[in-house]
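Everything below concerns the one structure shown next.
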């Protein structure tokens, strides 16, 4: 049997980890006891052992010590590391029920702000789209045309996100058993490709304008167009600040925040290059349109890459894997080892796979009950879409669900 300090090994989405658990207690909520006597913990304080079986709490660094670390040479990095360790320990020791309750409370608190962010962006984009199209058509500026096209797609983005969210919630699970969480991710990828395609057309047209232009005549300066785009810039800045404050509370708001951030660059740069094409050099306007279009393509390529990673099954963060390992290892006295722990994205949320090891003589009813209770506990954790708990009686077999690697052509 491994010592307690050796039991909690790291697990990733592509590795198999064996964890032994020496436990005592009754029922599926019992937790491992220490396999040795800790001289710093009184023998009478058995409740402390049950709350913190591996004595992780002893690793917490007090705030006074953290302040002392900060004053050392290069102490900020050490202080930040210790703060991260403190947060990890507190997260591990927090019961799964509290994780769930905190997530529900956070979601309930964020419901109204998220709704405001979505509908405010939608209504503002409708108004700003008309204003920016007026600016682009009346001025004839390619830079302002690029900002106008982007404003049209802003509306498309808002409507698409709103529709996909409603569709995902109301999806028929008999036809789509995994649910609709991945619909939003798919919609973001499709929208990103459309944005890239349209802006590529703007870039091509601007290059043609540069090549075919004859003479050095400046285009007419159109002040109302500049004022209109400046108003759009101010509104986008307000929306950017609001969505920035709650961007981590919803994947929809995260996309809206990225869109507002992009618009600040697009509208601000569009004003400068359009005015420069009227007052300084004619080629500044088409060059500005090229740079705006290229910038949008680059930004949305990055967004599509991130969203595609969620859809393709990128591994969950290391801290979440550590939480799963600890909670599964300390869940029941009947779990002797953990064979494999995996967590990976399926859209914005996670799929979790855990292989637990129990004694070969464990009754079927007990193996079922323990694994089912563990699965139910994990599935109500924040951001978990679905959990699968598999029971085995040894760890020498070939890992489940692993196909032999295919040979390259």
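Yeah, the Cβs are placed from backbone N, Cα and C, and that goes for glycine too.
Sequence annotations record features per position, and here TrEMBL assigns region 'Disordered' to 1-49.
The feature compositional bias 'Basic and acidic residues' is assigned by TrEMBL to 1-10.
The compositional bias 'Low complexity' annotation in TrEMBL covers 11-24.
The transmembrane segment feature in TrEMBL is assigned to 116-137 (among others).
The annotation domain 'Cation efflux protein transmembrane' is assigned in TrEMBL to 119-311.
Annotation comment: TrEMBL describes 143-164 (among others) as transmembrane segment.
Per TrEMBL, transmembrane segment is recorded for 185-211 (among others). Sequence-distant neighbours of the transmembrane segment (185-211) (same chain, 6+ residues past either end, Cβ-Cβ under 8 Å): 142, 145-146, 149-150, 153, 156-157, 160-161, 164, 251, 255, 283, 286-287, 289-290, 292-294, 296-297, 300-301, 303-304, 307-308, 310-311, 347-348.
Counting residues 6+ beyond its ends, the transmembrane segment (223-244) has Cβ neighbours under 8 Å at 116-117, 120-121, 124, 128, 131-132, 134-136, 138-139, 141, 144, 147, 151, 253, 256-257, 260-261, 263-264, 267-268, 270-271, 274-275 in the same chain. Look at TrEMBL and you will find 223-244 (among others) tagged as transmembrane segment.
Here TrEMBL flags 288-305 (among others) as transmembrane segment.
Mean per-residue pLDDT, taken over the domain 'Cation efflux protein cytoplasmic' (333-392), amounts to 90. The domain 'Cation efflux protein cytoplasmic' annotation in TrEMBL covers 333-392.
Among residues of the same chain six or more beyond the transmembrane segment (288-305), those with a C-beta under 8 A of the stretch's C-beta atoms are 142-143, 145-147, 150, 188-189, 192-193, 195-196, 199-200, 202-203, 205-207, 210, 255, 258, 262, 265-266, 269-270, 272-274, 276-277.
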